[in-house]
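**Student:** Residues annotated as substrate binding site in Swiss-Prot: T49, C50, N51, R52, S105, E110, P111, Q112, Q116. Under the heading active site, nucleophile, Swiss-Prot lists C50. Taken from Swiss-Prot, the feature site 'Important for activity' applies to H95. Annotation comment: Swiss-Prot describes G185, A186, G187, E188, T189, I190 as NADP(+) binding site.
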Amino acid sequence: MSLVIIGINHKTATVDLREKVAFSPDRIHDAMKSLASRTRTGEAVIVSTCNRTELYCNNAEKEDIIEWLEDYHGLDHNDLMPCIYAYEEQVAVKHLMRVASGLDSLVLGEPQILGQVKQAFVKAKEAGTIALTIDRLFQNTFSVAKKVRTDTEIGAAAVSVAFAAVSMAKHIFSSLSTTKVLLIGAGETIELVAKHLKDNGVASMVVANRTIERAQAMCEEFNATAITLEQIPDFLPKADIVISSTASPLPILGKGMVEKALKQRRHQPMLLVDIAVPRDIEAEVGELDDAFLYTVDDLHSIIEQNMASRKEAAEQAELITEDQSHIFMEWIRSLESVDSIREYRSQSLAIKDELVERALNKLSQGSDSEQVILELANRLTNRLIHSPTQALTSASRQGDLNTLGQLRSALGLDKN
């Protein structure tokens with residue numbers, strides 16, 4: 001086997017180059033077929049995300065795969081080579097396991113990459129570029145990634161502002177199934193917050209934005225209600241949680257507006273998380289008895305603590321991937337022994353069939369049966385021990401005691 005991984009990622013290449021080597025979804029099927037034609041067993045998988053492009057091939061030469069990548073995208077060899085990494089055999093196996101486990105990600109331990117690797121595997125199956133070795137490699141990798149998630153705390157701590165905001169809400173309210181959330185803004189961060197809230201089964205969401213159309217587009221995906229910023233005073237009293245992230249140069253929520261809303265809520269507590277810079281919520285809101293205001297700085301301190309926790313978990317995860325990559329390579333070596341055993345058995349059976357046919361012919365011609373059987377036994381013995389005898393003789397003549405010992409052990413000569 002010659003398992004090869006060729007790739008570039010956020011650590012080795014700029015976004016400009018990563019864009020040039022990326023594979024669009026509509027071309028990935030044909031690309032994998034083309035790549036597989038450069039391997040001896042037709043096995044290839046392409047993982048292409050915003051942060052990495054990696055080519056996984058079995059029974060291939062890395063030089064051929066790099067040449068294919070250059071030809072496919074029309075890239076200059078000198079531009080690509082400084083950014084390329086190439087791994088083979090066990091190092092390649094461990095790399096894939098690390099990638100799927102989030103150990104090689106921009107955000108340590110992020111879970112999205114596992115889904116992206118799984119999607120690439122499914123696409124390769126659809127393209128017909130999966131066979132025994134690559135199939136087993138990816139299936140094992142998915143199991144390893146799951147083991148890393150369950151046996152370590154690598155995914156337990158929030159390391160993004162959006163995730164940290166929702167984690168704080170979960171910590172304060174314990175369950176989000178009965179809470180109502182007001183999201184202010186409709187940008188990428190708020191969209192990610194909405195996704196995390198939906199995943200955690202929040203009761204309802206309202207999205208307020210300066211342009212109602214942008215809020216409506218986001219609300220369709222998350223089954224939320226869209227409102228304008230001017231409508232916030234009407235919806236604020238119903239909100240248990242407020243999370244805000246706009247690009248407004250001035251605060252969206254003032255102390256007076258929040259104080260009025262709290263009175264209407266009969267002083268039920270309200271969590272407000274301001275992840276905007278400059279701030280969307282006046283700092284004085286935090287002075288109100290029933291308002292619990294947190295800023296982006298509060299979240300960053302949580303994220304820093306959690307990142308340290310993830311790094312500790314990553315050390316455990318590295319041991320898991322190291323161990324599991326060795327186990328996979330043992331399976332690969334066992335395949336090689338299976339092929340050798342099959343060839344040896346086939347060779348021996350061919351000798352047997354040849355000599356039995358000769359013996360039967362002699363018997364049909366009236367030869368003495370006892371003599372025919374003795375001749376068959378002698379010929380069969382000589383043919384079967386010919387190769388081992390030559391190997392023993394050669395090792396002896398060369399003084400190769402190590403090989404001689406292995407041969408004696410394999411032939412059972414050292415048994416008492």
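Any Cβ shown, glycine's included, is placed from N, Cα and C.
Walk me through the surroundings of each of these features.
**Tutor:** The Cβ of N51 (substrate binding site) has 19 other Cβ atoms within 10 Å, all protein chains considered.
Sequence-distant neighbours of C50 (active site, nucleophile) (same chain, 6+ apart, CB under 8 A from its CB) are R18, A22. Mapped onto three states, the DSSP output places C50 (active site, nucleophile) in coil.
Counting only residues at least six positions away in the same chain, the Cβ atoms of I5, Y87, D104 sit under 8 Å from the Cβ of H95 (site 'Important for activity').
In the shown protein chains, 20 other C-beta atoms lie within 10 A of the C-beta of T189 (NADP(+) binding site).
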**Student:** Under a three-state reading of DSSP, tell me whether S105 (substrate binding site) is helix, strand or coil.
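**Tutor:** DSSP call for S105 (substrate binding site): coil, neither helix nor strand.
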**Student:** Suppose we draw a 10 Å sphere around the Cβ of I190 (NADP(+) binding site). How many other Cβ atoms does it contain, all chains included?
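**Tutor:** Result for I190 (NADP(+) binding site): 25 neighbouring Cβ atoms inside 10 Å.
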**Student:** Same chain, not part of G185, A186, G187, E188, T189, I190: whose C-beta falls within 8 angstroms of the C-beta centre of the NADP(+) site? Give them in sequence order.
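**Tutor:** So the extra residues in range turn out to be E191, L192, V193, S245, T246.
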**Student:** Using a Cβ cut-off under 8 Å and a sequence separation of 6 or more, which residues in the same chain sit near E188 (NADP(+) binding site)?
**Tutor:** none
